[in-house]
Amino acid sequence: MRKKIVAGNWKMNKTFDEAQALVSEVVNMVQDEVNNQAEVVLCPPFPFLSSVGKALGGNSKIHLGAQNCHQKESGAYTGEVSAAMLKSVGVEYVILGHSERRQYFNEDNQLLEAKVKAALQAGLIPIFCIGESLEQREQDLTFEVIETQLKEGLFHVTNEEFARVVIAYEPIWAIGTGKTATSQQAQEVHAFIREQIARHYDAAAAANTTILYGGSANPGNARELFSQPDIDGGLIGGASLKSRDFTDIVKSF
Ligand code: PEP
């Protein structure tokens, strides 16, 4: 059985005190209210990883994730953070290939291939993001774009490594726009991703991979999205900054 996951991507938001307040609210709410088996992942900005990790206090339902890592193990890369550094402060997951990083930091599939390798080597679980722009969807290129992103950025890993990877389908036109993909649109792409996994690896790998949806998910639409057969949870941006909304999404299975 594949895992259900709801991951919160805090992006470049919150000060230290605000981050502490948010994590303690989420810990309390999840502790008191969440009975399902969904795994929760919090992805705060780098400077808050240690303190957020401490606040989780070994809580078995909530895990720590980062929003990026560098592809090299160590060295003269001023301002960068390696996968091993993340691992050493208790990080378990790392978001890679988010569309904002592809767009604003020129991350392409070749670079992401190296980042995925670095993350896996350090023992982190990559949450590998893929998704099409509105223009690409309108030109009927969605499946082609998804296939290329998977092939070039992810499918170089071995079967064994692939078993540790989580995929997030995030249509760019739905991220932070308030425009959610319909559950039908999301399901269609998730099913396609699973087909690609089966083709490249095997049916067992396809069946066991957790595939998250991301893009303006909120407490009002999460239940419908998560009820789709190939949607195993969500990568949540805006709504993860509010403890009530985020917890309600975690409860939406
Ligand atoms: C995201 O950035 O991963 C995301 C899904 O953002 P939002 O939920 O705000 O659309």
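From the backbone N, Cα and C atoms, a Cβ is placed for every residue, glycine too.
Listed in sequence order, Cys43, Gln67, Ile95, His98, Gly214, Leu235, Ile236, Gly237, Ser240 are the same-chain residues six or more apart from Asn9 (substrate binding site) with CB atoms under 8 A from its CB. Per TrEMBL, substrate binding site is recorded for Asn9, Trp10, Lys11, Gly176, Ser216, Gly237, Gly238.
TrEMBL lists His98 with the feature active site, electrophile. In the three-state DSSP scheme, His98 (active site, electrophile) falls into the coil class.
In the three-state DSSP reading, Glu170 (active site, proton acceptor) counts as coil. The Cβ of Glu170 (active site, proton acceptor) lies under 8 Å from the Cβ of His98, Ser99, Cys129, Ile130, Gly131, Tyr213, Gly214, Gly215, Leu235, each on the same chain and at least six residues away in sequence. For Glu170, the entry in TrEMBL reads active site, proton acceptor.
Pairwise Cα distances among Asn9, Trp10, Lys11, Gly176, Ser216, Gly237, Gly238, the recorded substrate-binding residues, top out at 14 Å.
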